[in-house]
Amino acid sequence: MLLSLAQWLQTISPELGFLRVFQYLTFRALMAAMTALLIGLLAGPFVIRRLISLKIGQPIREYAMQTHLSKSGTPTMGGVLILLAIGISTLLWFDLSNRFVWIVLLVTLGFGAIGWVDDWRKVVLKDPEGMRSREKYLWQSVVGLIAALYLVFSISESSNLRVLELFMNWVRSGLDVNLPPKAGLLVPFMKEISYPLGVFGFVILTYLVIVGSSNAVNLTDGLDGLAIMPVVMVGSSLGVFAYVTGSSVYSKYLLFPHIPGSGELLIFCAAMAGSGLAFLWFNTHPAQVFMGDVGALALGAALGTIAVIVRQEIVLAIMGGIFVVEALSVMLQVTWFKYTKRRYGQGRRLFQMAPLHHHFEKCGWKETQVVVRFWIITMLLCLVGLSTLKLR
């Protein structure tokens, strides 16, 4: 918005040359981060008071850790604050004509809406289950598949009209069309190795990345500050990849696919980092507010969508290794418990408790130890992911 305003002012008043600074992506990214940070810090106390007045408190389940019982009643649905800061900051600082930022914003809001309904049912309607699993996955699938169908052609073309034309040609040709190499699965640490996916392969991969990332972040969000800091670190790292793939110079030099327009995603990533740090101010132990599903599902989906656009799905799995392991721990625990119950008549556990962060608490780690150690691991994994920029 401000970029368009600056460009318009320059056309009517050429002497306002200093407004050219708005054309620099790095400047706007810095401003987006600062704007989101300030919005989060200033609006945070009001949002928390409002949540308390509405009695939107986090219910603690009976089988939860004993040390967590004191958290009962802590305001939840604080993810609204994160989404508010991201939305306002991004709209102020990004190029409004950029379709990639719009699709990430819409996916984020879509998954945020799903999480909002889930949280509302839990804390307001007093339904301990919230949205039923099938219902939740249905709506996640709807949003994820719509995004995947748009992105499969959007990455190939720089015009929305051409995207629509490609989609219609795909339908008329019997759902068979070749995608350019840059739409393939990029293998990290390998020089210019990209496995072709085809339309169906791309759509399936995109769906799995977006929905999987969303639920993985949601499963990780179980301790004060545990999920938000890794989201900030992974999101910031993806912003670097967006900057590279959006630049014809850097992408050519680093042997990355050039995806025109993807650089603007740096604005969204910066806003996500700023809003995340602001939220951490209130979410650090002992937390004054929890993000809830409205925040966790939305942020996870945003990370997945950005990774797909910049063709870094595997790198996302590396940098977000904590999210991956947390999700796997739940799947393994459930699968093993059902298998042993069917075979031996009594269910057995692989972990003392799942997700994995609760297992470490059961092993004697304090909550703050688990959180900070997971942060350190994420920081190291992000460095590994960023090293793929050059180590190829």
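We number each residue from 1, going along the chain as drawn.
Note that Cβ sites are derived from N, Cα and C of the backbone, with glycine treated the same way.
The transmembrane segment annotation in Swiss-Prot covers 28-48 (among others).
Counting same-chain residues at least six beyond the ends of the transmembrane segment (76-96), those with a Cβ under 8 angstroms from any Cβ of the stretch are 1-4, 28-29, 31-33, 35-37, 39-40, 43-44, 47-48, 51, 56-58, 105, 108-109, 112, 115-116, 119-120, 123, 264, 267-268, 271-272, 274-276, 278-279, 282-283, 289-296, 298-299. Here Swiss-Prot flags 76-96 (among others) as transmembrane segment, drawing on sequence analysis.
Annotated transmembrane segment per Swiss-Prot: 100-120 (among others), in sequence order, evidence recorded as sequence analysis. For the transmembrane segment (100-120), the list of distant contacts is 56, 76-77, 79-80, 83, 86-87, 90, 94, 130-131, 136, 139-140, 143-144, 147, 150-151, 154, 210, 214, 218, 261-262, 264-265, 267-268, 292-302, 305-306, 309: same-chain residues at least six beyond its ends, Cβ to Cβ under 8 Å.
Feature annotation from Swiss-Prot assigns transmembrane segment to 137-157 (among others); the stated evidence is sequence analysis.
According to Swiss-Prot, the feature transmembrane segment maps to 193-213 (among others), an assignment based on sequence analysis. Tertiary proximity for the transmembrane segment (193-213) is limited to same-chain residues at least six positions away from its ends with a CB under 8 Å from its CB atoms, namely 107, 137, 140-141, 143-145, 147-149, 151-152, 170, 175-179, 181-187, 257, 300-301, 303-305, 307-308, 311, 313, 316, 320, 323, 327.
Among the features that Swiss-Prot reports, transmembrane segment is placed at 225-245 (among others), with the record citing sequence analysis.
What Swiss-Prot lists as transmembrane segment is 262-282 (among others).
Among the features that Swiss-Prot reports, transmembrane segment is placed at 289-309 (among others), with the record citing sequence analysis.
Among the features that Swiss-Prot reports, transmembrane segment is placed at 314-334 (among others), with the record citing sequence analysis.
Taken from Swiss-Prot, the feature transmembrane segment applies to 369-389 (among others).
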So what's near the transmembrane segment (289-309) in sequence-distant terms, Cβ-Cβ under 8 Å and 6+ beyond its ends? 44, 47-48, 51, 58, 74-83, 100, 103-104, 107-112, 114-116, 118-119, 130, 140, 143-144, 147-148, 151, 155, 205-206, 209-218, 220-221, 227-228, 231, 234-235, 238, 242, 259, 262, 265, 268-269, 272, 276, 279, 282-283, 315-316, 320, 323
Counting only pairs at least 6 apart in sequence, do the transmembrane segment (28-48) and the transmembrane segment (369-389) share 3+ Cβ pairs under 8 Å? no
Any contact between the transmembrane segment (314-334) and the transmembrane segment (369-389)? By contact I mean 3+ C-beta pairs closer than 8 Å, pairs at least 6 apart along the chain. yes
Where among 137-157, 262-282, 369-389 do we find the most Cβ pairs under 8 Å to the transmembrane segment (225-245)? 262-282
